[in-house]
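Here is the structure we will look at, set down as structure tokens.
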Amino acid sequence: MKLGVNIDHIATIRNARAGDFPSPLYAAFTVLEAGAFNVTCHLREDRRHIKESDIRLISEQTKRLNLEMAANDEIISIALDVIPRSITLVPEKRQELTTEGGLNVALDIEKYKRINNKFRSKDINVSAFIEPEELQIEAAKKADFNFIEIHTGKYAQYLDPYKRQEELAKIKKAAEFALSAGLSVNAGHGLNYENTGDIAEIEGIYELNIGYSIVAHAIFAGLNNAVKEMLEILKAAELTKHCG
């Protein structure tokens, strides 16, 4: 299983002093050196953390950028110019602290099909960040997405063990359904060092995207070590799957 590390909050720290330190580009090199597969950055409309200059540098110098973005014309134009390794389309609200839920692809399949055609012309793989629901998975397939990323936020937020297991079962079922439909499956949101293991044990998930918990842990452990510790959790989950 692959690990994509979201470094948005490295930029949050940098922007707190309106300077250029710590450098998101340096963070990108660090997480890749530690074993991450991709560097994930969300270029938001309000540019609250990651800036356009960040994604250009990271894409050019690492070739491993997974760009999270809303489906609006300005950001689409930037993405077509930058040509990241991959794109994840996410919903976006100006007042939210972080992405609050999945994209409603079913609401406008033709719109997303048109967007995907633009990115496919540049050989960019595109994922839809969606809830673990068959309706949205079917819509993502019809809209010509290559990947889906299953929103794990509800699973991560539940403190009640029964509710968490119930949501975990939904995610497993969604992953199976998406794979049977010919889609590749990623997952992410709200994952940390305590709750990632159960998600990582799900058969067929290709990549997990994790950011805040790794950056927060890096304050105490160092970024390189924080990434390596998360990778150990993924490796342990792989062993559990094979032993099972």
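From the backbone N, Cα and C atoms, a Cβ is placed for every residue, glycine too.
Unlike curated entries, TrEMBL annotations are predicted automatically.
According to TrEMBL, the protein has these features:
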BINDING   Asn6, Arg17, Gly190, Gly211, Tyr212  3-amino-2-oxopropyl phosphate binding site
BINDING   Asp8, His9, Arg44, His49, Thr98  1-deoxy-D-xylulose 5-phosphate binding site
ACT_SITE  His42  active site, proton acceptor
ACT_SITE  Glu68  active site, proton acceptor
SITE      Glu149  site 'Transition state stabilizer'
ACT_SITE  His189  active site, proton donor
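Feature map: annotations from TrEMBL on the structure.
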{"residue": "Asn6", "record": "3-amino-2-oxopropyl phosphate binding site", "Cβ contacts under 8 Å, 6 or more apart": "Thr40, Cys41, His42, Glu68, Gly188, Asn209, Ile210, Gly211, Tyr212, Ile214, Val215"}
{"residue": "Asp8", "record": "1-deoxy-D-xylulose 5-phosphate binding site", "Cβ contacts under 8 Å, 6 or more apart": "Thr40, Cys41, His42, His49, Ile50, Gly211"}
{"residue": "His9", "record": "1-deoxy-D-xylulose 5-phosphate binding site", "Cβ contacts under 8 Å, 6 or more apart": "His49, Gly211, Tyr212, Val215, Ala216"}
{"residue": "Arg17", "record": "3-amino-2-oxopropyl phosphate binding site", "Cβ contacts under 8 Å, 6 or more apart": "none"}
{"residue": "Arg44", "record": "1-deoxy-D-xylulose 5-phosphate binding site", "Cβ contacts under 8 Å, 6 or more apart": "Ile50, Ala70, Glu92"}
{"residue": "Glu149", "record": "site 'Transition state stabilizer'", "Cβ contacts under 8 Å, 6 or more apart": "Thr88, Ser127, Ala128, Phe129, Ile130, Val185, Asn186, Ala187, Gly188, Asn209"}
{"residue": "Gly190", "record": "3-amino-2-oxopropyl phosphate binding site", "Cβ contacts under 8 Å, 6 or more apart": "Thr152, Gly153, Tyr155, Ala156, Gln157"}
In three-state DSSP terms, the structure that Arg17 (3-amino-2-oxopropyl phosphate binding site) belongs to: coil
Which of His42, His49, His189, the listed recorded positions, has fewest other Cβ atoms within 10 Å: His49
Structural state of the residue listed as 'active site, proton donor', classified by DSSP into three states: coil
Structural state of His9 (1-deoxy-D-xylulose 5-phosphate binding site), classified by DSSP into three states: helix
Least surrounded among the recorded positions, given as Glu68, Gly211, Tyr212, when other CB atoms within 10 Å are counted: Tyr212
